[in-house]
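Here TrEMBL flags D160, H201, S375 as active site, charge relay system. The compositional bias 'Basic and acidic residues' annotation in TrEMBL covers 660-671. Positions annotated as domain 'P/Homo B' by TrEMBL: 451-583. Residues annotated as region 'Disordered' in TrEMBL: 646-671, 706-727. Residues or ranges marked as signal peptide in TrEMBL: 1-17.
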Amino acid sequence: MRPVWTALWLYVALLLGLDLVGPLAVGWASARAPIYVSSWAVRVSQGYREAERLARKFGFVNLGQIFPDGQYFHLRHRGVVQRSLTPHWGHRLRLKKDPKVQWFEQQTLRRRVKRSLAVPTDPWFSKQWYMNNEVWPDLNILQVWRQGLSGQGIVVSILDDGIEKDHPDLWANYDPLASYDFNDYDPDPQPRYSTSDENRHGTRCAGEVAAIANNRFCGTGVAYNARIGGVRMLDGTITDIIEAQSLSLQPQHIHIYSASWGPEDDGRTVDGPGILTREAFQRGVTKGRGGLGTLFIWASGNGGLHYDDCNCDGYTNSIHTLSVGSTTRQRHVPWYSEACASTLTTTYSSGIATDPQIVTTDLHHQCTDKHTGTSASAPLAAGMIALALEANPFLTWRDMQHLVVRASRQAQLQAEDWRTNGVGRQVSHHYGYGLLDAGLLVDLARTWLPTQPQKKCAVRVLHTPTPILPSMRVRKKVSACAGRANYIRSLEHVQVQLSLSYSRRGDLEISLTSPMGTRSTLVAIRPLDISGQGYNNWIFMSTHFWDEDPRGLWILGLENKGYYFNTGTLFRYTLLLYGTAEDMTARPTGPQVTSSACVQRDTEGLCQGMGSKARKRVVLPTRPAPPTVEQILEDVRGAPAEDPVFTALAPEDTPGPSGRPEDPEAQREQLYRQSQAYVAANQRLRQAGEELRRRREDLQRAGRELERAVGQAKQAVLPGAAAASSG
């Protein structure tokens, strides 16, 4: 009878509103039971006044807007317990009946872990081997510094557990406008100190990006003149509201958000952003930075020990985030690294305990040389991207992803899965397109022409329940929306949205093969994932088909890699293609393989390998002869006031929150023209500089020849004069 009385007691306690789960919230949340809190997200169309009316009517406290447009509001009810195993049905019914409420959701605890490794904090070591040319190849940051770039004018915010804003190596670059504490709702992001220093993560990530240079303390940040902010949002209750507000902080001021956290990397979790956070991502890339799009840099995950796959993480596999993996000093796959198709690029971190790690700032005004994990890799990439933005501030969020693909190199990174995709690029599930090269990234950024608008082509492949065989293929020939406005010639991201059941989810390997023969593993086996829930409208994403032509036969593969008697059903399958109508392989972006010649095809005619001759074909850019100094000066003298090269650089035309056209299409067109004008001006100035340098060298050469001629004349004259005087 004891279990019956226990169940009855729990039921009565919940009815009375007793807080039974506070001490156990973390444990129960990790066990996948939803923990409901006293906060609601509510959407109303009539703004703040309507939200206040709702709050007063139902006994809520209005904590303000979630997004700047005033449609989503954060409401909290003081009469509801802080933690509960069940939603509050009374308030649910009241909000549902109110005609002014368009949408609402009671918030639940969200389990988020920092992507660092448990290592002790020791005194720091001054050698930053990953960017001081001590190893080859390093991140090639010194080359960028020699060009005078240091992140000046770029704002980066670290979304984490806070930032020690008065740290000797951070204070001069600290930006209060890029900072906030969403755990306590105040403007001070200072971390909470404890004996274990558990909240050091954000301060460490910040130092990698913007630690001050030449101050004889600690190390140097990649973008040491960038402004750095911190958002404290991981040291407390984490909800969809808090994540969305953190990702939406000052979107016209902050250029880059760096995040090194996500769902648990335990090899069995499938989790991603909530409705509000997905909305924050969408708003960021469409409205952030004056319409150019916010840059979200994300650590790919540390679940390698548990055979995790970051395609089961809805943050790293979002098309709106730029996912960064890790490699060791010896260019090996770290033991914690997750292999997945959504990773775009790689920077350095560490491997085993004896490997050198990353130098950065630490709590209590200290430094450390023990920062590691993919947590250390993402901020390095954020700093490098800040350097590229300084070189060309008109880059859009998609431009930057194109540049990162082209600026990443195989660089002898060790992995067994390197493959050549359909346009001749090397790509790996461990490293994406390889080690990011800051020098190459900046060089490409200077002359990059804006990418044409993003197109989306959705292909509904299957919508009737189909048994999953031990090994099955679902084939679909697509036209990539040819003949329509959303036609795609060159791919960027490819998503596969699946609903399926499976008796043991982790035993099912899912892959996708493109018409050009590139096979990408969407999710590999995960031995610890014994769930029988399958995937419910889960979206997998791959970057491995970048710039390929999507027209032709796509093959989805599902294969049982575990228990022989596994069974399942595929309910829905939708293929989502993203890209542009432009043939991106025709762009002259420096030496790169662009041949799609094929020497081996399977029985269905799909390309299975690139020939050695095809791989060696190189396309070099052809550029016109640079203008002379006289021609450039004449152009400047005769330039009309409306010349786009000059008007695009005027302060009043700078994209921003005010003065922009209301029509989004007109705004994008204006930004496109300004970007083209900026690139053209940049090219002309560089050509002028080259011409001046050549003229200076010619003058120096002529001067040296004149000196030699004068010397020879003196030698010829002086002996004759001496002979005459002696006579």
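For all residues, glycine too, the Cβ spot is worked out from N, Cα and C.
Since the structure is predicted, the reported quantities are computational estimates derived from the model, not experimental observations.
Positions of the features from TrEMBL, shown on the structure.
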residue	record	Cβ within 10 Å
D160	active site, charge relay system	31
H201	active site, charge relay system	26
S375	active site, charge relay system	29
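Between the CA atoms of H201 (active site, charge relay system) and D160 (active site, charge relay system) there is a gap of 7 Å, rounded to the nearest whole number. The DSSP breakdown of the domain 'P/Homo B' (451-583), given as helix, strand and coil counts, is 3 helix, 72 strand, 58 coil. Note: the Cα of D160 (active site, charge relay system) and the Cα of S375 (active site, charge relay system) are spaced 11 Å from each other. A helical conformation is recorded for S375 (active site, charge relay system) in the three-state DSSP classification.
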